[in-house]
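Below you'll find the structure, written out as structure tokens, and then a few comments.
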Amino acid sequence: MATAVTETKHDPNNGESPDHEDKKTDRIVQDDKVELQDTDAWDKLGYSFPTWRKWQILGVVFLIQISMNLNASMYANGVGGISEKFGITKQAARIPQMTFLVAYAFGCELWAPWSEEYGRWPIQQLSLFLVNIWQIPCALSKNYETYVICRFLGGLSTAGGSVTLGVLADMWEPDEQEYAVAFLVLSSVGGSVVGAIAGGFVEHNLSLPWIFWIQLIVGGAVQLTHLLCNPETRSTILLDREAKRRRETGEDPNIYGPNEIRGRKLTKKQFWTIFSRPFYMFFTEPIVLWLSLLSGFSDALIFTFLQSFQPVYEQWGFGTIGVSLAFIPLLIGYILSYLSYLPSIHHFRKIRRRSPGKLQPEVRLWWLLFLAPLETIGMLGFAWTSLGPDYGIPWIATMVFSCMVGIANYAIYQSSIDYQTAAYGPYAASATGGNDLARDFLAGIAALYSAPMYENIPGRPLEYASTILACLAFCVTIPIYVVYKKGPEIRAKSTFAQSLDKSREVAKEKRRKSSVTGLKQGDGEHLEKV
């Protein structure tokens, strides 16, 4: 069977698909079968969805992110009950929380290739279903080992940021997606805090199994919402459907979708390329490494807080519910940070539309330059207001500083994701995959060291532990300023970054020409009828 290539585009990946895509950039013709490409049916793809539809889909993805991160954090409220029920130490009872987060870090990358191959919708449905299923053995558990195994499987079953960001990328092109990224990041960081707040009420009012039943109820509701409200957004799947429709209607009997003509089979080499690229970029790209470690450290801070808030606020007589409500300032910080980004996004978007190519990707880090120091200031302030009521310090003082930490934590994740999307173009999914890997992995490790850290440091453990974190925060935020100033020079030495957007620019030009041709044809048809 002969294969003819009728169109050629620049392929920066040397035959390997960029951004988790298993398709070359050439149109394939096999005998009488012609491949339908995105430029041939742009109006059928997620990019052409009405604005309200895009945000409705993103709203459901927002709920999925909340659900996933609630699963990660709510377990902390069951540590005491598990320790008491099975006669183990609290440190041992935290191991299932660690296994969930570490497995989550790798699960995100494992699910991504399949979402590119078979579509976002079935993969998210399958992921949600499996995560929900693993809640049941935990709720009914009669032994500690069940928690370790099922929590690990639950984390591995979670199709996290790599897939949810993929849904976003299916509907907005990189230069148009900042508002959507900012919104989705709010759910990613906010979900952990929502879990901590809700977990306190569950722990206080219900028995241990309800920690997991609540997660199942939330997960089931989110899965049902996704089932009923969200369509498929993956372009190759939509092109397959459009090609089939055209054949059935007789509009174009020779047209076939990408998967129909190329086949769905994902080879071992392709799977390994897709799966390993985030790890390769993490260790070989300085920008990815620095920003990922910074983002990971910030996320680990939040999971450290999950353990530190109880001893800190017990000084003011806070009970279980009071400690859970103490997380509200973090949530407020996230919302304030999100709102603070909107003016800068609007400003820089206007400049890009007026003068395309004028702004470097580093401009997406600009607002972070001002918000990042709040992490160090917030941790240091939280440390020494943790002295408690014996020193005449009101509890609200600690919350002011934890709110600052929330502002910085959101800003770090938002800017790092937004910048890597702009800086690495077709490799953005792999770059941000390293970011997610670091966040979840370091958060998992934090679940083990945070409680001993706040209990075992001699002298003033509460104050010294947070001061150590403040010093670390200062160190890890320094690269932000280096990347902002030296980013263009660093990217100039990167093979990945240098391939930025070449294929996308060709695609844009093709769409422009296709639109002009379509317009002329439409005018011709109109004149014929007249």
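Cβ coordinates come from backbone N, Cα and C, glycine included.
The compositional bias 'Basic and acidic residues' annotation in TrEMBL covers 7-26. Per TrEMBL, region 'Disordered' is recorded for 1-26, 507-530. Annotated transmembrane segment per TrEMBL: 152-172, 179-198, 287-306, 318-342, 363-387, 393-413, 464-484, in sequence order.
Long-range Cβ contacts of the transmembrane segment (287-306) within its own chain (Cβ-Cβ under 8 Å, at least 6 residues beyond either end) map to 73, 76, 101, 189, 192-193, 196, 281, 327, 330, 375, 379, 402, 405, 408-409, 412-413, 416, 419-420, 423-424, 431, 434-435, 437-443, 445-447, 450, 453, 469, 472-473, 476-477, 479-480, 482-483, 487, 490-491, 494, 497. Note: the stretches the transmembrane segment (318-342) and the transmembrane segment (393-413) are in contact (3+ CB pairs below 8 A, sequence gap of 6 or more). Residues 178, 298, 301, 312, 315, 337, 340-341, 344, 348, 393, 397-398, 400-409, 411-412, 414-415, 418-419, 422, 460, 462-467, 469-471, 473-474, 477, 480-481, 483-484, 487 of the same chain sit 6 or more residues outside the transmembrane segment (363-387) yet have a Cβ under 8 Å from a Cβ within it. Most Cβ pairs within less than 8 Å of the transmembrane segment (393-413), among stretches 152-172, 179-198, 464-484, belong to 179-198. Same-chain residues lying 6 or more positions outside the transmembrane segment (464-484) and placing a CB less than 8 Å from one of its CB atoms are 287, 290-291, 293-294, 297-298, 301, 304, 308, 362, 365-366, 368-369, 372-373, 375-376, 379-380, 382-384, 386, 412, 419, 453-454, 457, 490. Non-local neighbours of the transmembrane segment (152-172) in the same chain are 19-20, 45-47, 49, 54, 57-58, 61, 64-65, 68, 71-72, 96, 99-112, 115-116, 120, 123-124, 127, 130-131, 134-135, 138, 180-181, 184, 188, 233-235, 278, 417, 428-429, 432-433, 435-436, 440; each lies 6+ residues outside the stretch with a CB under 8 Å from one of its CB atoms.
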